[in-house]
Amino acid sequence: MFMINILMLIIPILLAVAFLTLVERKVLGYMQLRKGPNVVGPYGLLQPIADAIKLFIKEPLRPATSSASMFILAPIMALGLALTMWIPLPMPYPLINMNLGVLFMLAMSSLAVYSILWSGWASNSKYALIGALRAVAQTISYEVTLAIILLSVLLMSGSFTLSTLITTQEQMWLILPAWPLAMMWFISTLAETNRAPFDLTEGESELVSGFNVEYAAGPFALFFMAEYANIIMMNIFTAILFLGTSHNPHMPELYTINFTIKSLLLTMSFLWIRASYPRFRYDQLMHLLWKNFLPLTLALCMWHVSLPILTSGIPPQT
């Protein structure tokens, strides 16, 4: 029975990932005053299926000097971790309702760094290695602010369980009292998922394609799916943290519809940002984090710690 539950979670995610690639190409197309994919099927709807077939029937070549086991293991690990992070997400009911769901998600996103590092190192190519080192530095750096922002939000929620956030936000969305945190969180999620304007790992003019430059066919598709699964997951996480949907146990469908609309709008904003902004320079990317975001988030975290103590407010006990 549990296996069926897992499949019921994984299959829709993979379908969503497939069609997000199409949506991205269509949105970017319309923003550049062109049509996007419109040949394969009506409105290009069969394009993701064609892409999947093409990628998975190609021969998975690898460099002669690469480390075979690690080279193959890295993309599998990337997708595995990307799918694992969906387990504690309340939509409205999670697959496993963990007491420390937020901590679990932080741990899994930190582990994802290894798949990037291994792929760059095992490729035995200077471009892949530089891309991997950039990606790792960027991911680790932005995880610092993500963790501090999460801590501040959880101080308002009073529990590490994600389902508690739904109860916390019945009266008011947390984006209203904590809008500076929400803005920094959104920008940090962009950097964490390696999206424009923070896609330094894929700087075409410098690194060809970043850490996955030596990958082709199936393994490349796994990296691609992991990236897009992470994008959707991060937007869902943002919707849960800051745009909490009121959950009526008698009509759980309303929660799901509400929640899906918010997540889709956030995903659309990712695509909009990609179409609008040029890429950052690497030093600007690090400057933004260590000299702007980190002091601000630390100050706000101290504020959220001291406020309940000053006003004798006791957070909800669970």
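The backbone N, Cα and C atoms fix where each Cβ goes, and this holds for glycine too.
According to Swiss-Prot:
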- Met1: N-formylmethionine (MOD_RES)
- 2-22: transmembrane segment (TRANSMEM)
- 70-90: transmembrane segment (TRANSMEM)
- 100-120: transmembrane segment (TRANSMEM)
- 146-166: transmembrane segment (TRANSMEM)
- 172-192: transmembrane segment (TRANSMEM)
- 222-242: transmembrane segment (TRANSMEM)
- 253-273: transmembrane segment (TRANSMEM)
- 294-314: transmembrane segment (TRANSMEM)
Contact set, same chain, for the transmembrane segment (222-242): CB under 8 Å, 6 or more residues outside the stretch: 13-14, 16-17, 20-21, 75-76, 78-79, 81-83, 85-86, 89-91, 105, 112, 115, 119, 150, 153, 162, 165-166, 173-175, 178, 182, 185-186, 189, 192-195, 212, 215, 259, 262-263, 266-267, 270
Sequence-remote partners of the transmembrane segment (70-90) [C-beta within less than 8 Å, at least six residues beyond its ends]: 9-10, 13, 62, 96-98, 101-102, 104-105, 108-109, 111-112, 114-116, 118-119, 121-123, 162-163, 165-166, 214-215, 219-220, 222-223, 225-227, 229-230, 233, 236-237, 240
Neighbour count (Cβ, 10 Å) for Met1 (N-formylmethionine): 4
Beyond the flanks of the transmembrane segment (2-22) by 6 or more, those residues with Cβ under 8 Å of it: 37, 44-45, 47-49, 51-52, 83, 86-87, 95, 224-225, 228-229, 231-232, 267
